[in-house]
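Reading through the structure tokens given below for one structure.
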């Protein structure tokens, strides 16, 4: 993954990008600044987790679908087994996805988890188990999206490769059939 955003390209979905970043920044900012304004851990916990849950939902159901063309969810089947489900756009639509939107999506997804890990380490060092709980919930939501979208991206690549292989095989087969039908 490139560290720098693509040059000379604008965001195709600036509003979606804004909201993609807003809830991440909101949860992080509230967590950092809340100690200055609130004495109640319950308020800090509820608001931070609520903002993080909103971020989880927006990323999973809106910005992931629009910015990178991917969507995932997890279901429990009749046998009680966890089953991952993935959706992705077709190959042509994925090729047209805006590179800057994609760059913002992936980097903020990973960077947010790294920041929550940093806050978790800081809470451990300061022996703040209650704040470690907040960080743990927020980190779990961030990591769930990372795992879901990473698996979805790998599944999409497999689908594209299978489609390409099938297309090549079909063309080869039709070429052979037309060659032998002439003879």
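One is the number of the first residue shown, and numbering goes on along the chain from there.
Cβ atoms are placed via backbone N, Cα and C, with glycine included.
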Task: transmembrane segment per TrEMBL - which of 131-150, 151-170 - done: 131-150
TODO: Identify the transmembrane segment range according to TrEMBL, selecting from 80-102, 103-125.
DONE: 103-125
Open item on the list: Under 8 Å between C-beta atoms and at least six residues away from its ends: which parts of the chain pack against the transmembrane segment (131-150)?
Closed with: 27, 31, 41, 44-45, 48-49, 52-53, 55-56, 59-60, 64, 68, 70, 72-74, 84, 109-110, 112-113, 116-117, 119-120, 123-124
